[in-house]
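Okay, structure first, notes after.
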Amino acid sequence: MAQLAGIVWTLLVALSLVASQPSANKTPVVSYSTFSLVSDGAANDQPSVRALSSPPPRPAGAAGIHRIIVKLKHPHTEGLARAETISRALQASLSAETTVHTAETTVHHLNSLSMDVVDLPLGVDAAATCEAALLASDEIDICEPDAVVATASGRRLRARAAQEPNRFVPDDPIFKEQWGMASIDMPEAWAFLSEQQQETASGADSVGKGTVVGVIDTGVDYTHPDLKDAMWVNQGEIAGNGIDDDGNGFVDDIHGWAWCDGSENPHIGDGDPMDEGGHGTHCAGTIAATANNQEGIAGVAFGRTKIIALKFLCGEDGRGSLADAVHAINYAVAMGATLTSNSWGYLGSTAYRALEEAIREAEEADMLFIAAAGNDDNDNDGPRKGYPASSELDSIISVGAATRNGEKAPFSNYGLESVDVFAPGTRIFSTMPGGKYAAMGGTSMATPFVAGLAALLWSTDPAQSYCDIKHRILSTSEKMDSLEGLCVTGGQINALKAVTCADCKWTPTEEPTAAPTEVPTQEPTTEEPSTP
Ligand SMILES: [Ca+2]
Ligand SMILES: [Ca+2]
Ligand SMILES: [Ca+2]
């Protein structure tokens, strides 16, 4: 192994880095930028709409209502004028109540009744908003909290709720910049899992614990306010006493290990995987940043997974050795990680056996190896491939980067056989060292979305095998014309479908070793969460 230590790997570069924090403290409370006219079936459904517009009394503590129904005294038939009038009327009441909510507000028009349904930012009290709006504006005729999510009676209302899944929109100020979350239906998936957890008798204790993601990268700023609570802690180790208390061969390894320190000198490693470059901290944030803490961003598997910081890339250009990558994988296996997230690699014509052996060992421990496809705009089916993503091991999920428009990012590698699926990978906001946040792009940024989703799925049922999880993620991906032919699934991951799919259990159809890459053949049978 030692002779391999000098092999230098290229970090998949971040394409753009925005140092400044986004406008977290923007003053406007309501934005109508997503104004849209909705004319779904329910709009003409008189009984349903009637129930909506004259809701039963609010149950105590109905804090989950974030929609109001508004009717103007002089209804404007033109949508934009109507939205502006409503915006003006609500602005005063919302401002009076709070000045911190910046989430976008959406207005849906109920055509047949000249009414509008307004989605309020999470945390804004719907009843209080209406009371204030009616006082503040003489243009509003009716303003009432929506009752759809508050009532459990009536089949019609249930059916409607099933058509429009609940969303959980966390209060983190940069969340509105995290377009990737909406793109994979993360708010809907969170809402579904939250409901599921509450309905499971022992849910609070048994669901959402125990998954651990090894982030093999430049380290992690484990003191970051949005990550400190998401860090794995080695319970058998006492910090700073110079003793390997748990006898795993690593002294004072509390949050992971660092195999490099950025110097040219041979480094034996230490228990301080603090991140200087930022790349690993950024990846960790997308996976597990604490959500709904009014700080920064939200991670895909927040509250349900922990991060082990496995630092093997160092220096300004983020380089590391093959041997250290193998060490990091071995450490993750030894400490019981659920999976590893690997936003690194190289473009080459051959795979390294040592690395494949390490991944195979992780596979035997039922771990997934989520890997970035690479940023060379390269066809990984060709003679040169992005490794280790393109290694032929069942437990690897190779991830390409998609743009906000659902297209392949210009830099992203692709491959009908060698890249499994795409995930958001341009202008991704996440955590940076020193309590900061920044946007970066790359298949490096797409990979943690998949790693986070895998951790989330595992948290709902830890008994699942890596094949179960991989099949669930790939078979529920959202097919897109723009991605067809560019990866195995022809699409992008979809968290809502992945958590709700009732009929995408993996069934071995061949000898486990026969197929290097699993081709999903099933369409999910349902896209909606079941209603209790
Ligand atoms: Ca130890
Ligand atoms: Ca110790
Ligand atoms: Ca947060």
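Cβ coordinates come from backbone N, Cα and C, glycine included.
Record features (TrEMBL):
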{"type": "SIGNAL", "residues": "1-20", "note": "signal peptide"}
{"type": "DOMAIN", "residues": "208-479", "note": "domain 'Peptidase S8/S53'"}
{"type": "ACT_SITE", "residues": "Asp217", "note": "active site, charge relay system"}
{"type": "ACT_SITE", "residues": "His279", "note": "active site, charge relay system"}
{"type": "ACT_SITE", "residues": "Ser444", "note": "active site, charge relay system"}
{"type": "REGION", "residues": "508-532", "note": "region 'Disordered'"}
His279 (active site, charge relay system) has how many other Cβ neighbours within 10 Å of its own Cβ? 28
For Asp217 (active site, charge relay system), what is the tally of other C-beta atoms lying within 10 angstroms of its C-beta? 33
Take the C-alpha atoms of His279 (active site, charge relay system) and Asp217 (active site, charge relay system) and report the distance between them in angstrom, rounded. 7
So, in DSSP terms, is His279 (active site, charge relay system) helix, strand, or coil? helix
By the DSSP assignment reduced to helix, strand and coil, which category contains Ser444 (active site, charge relay system)? helix
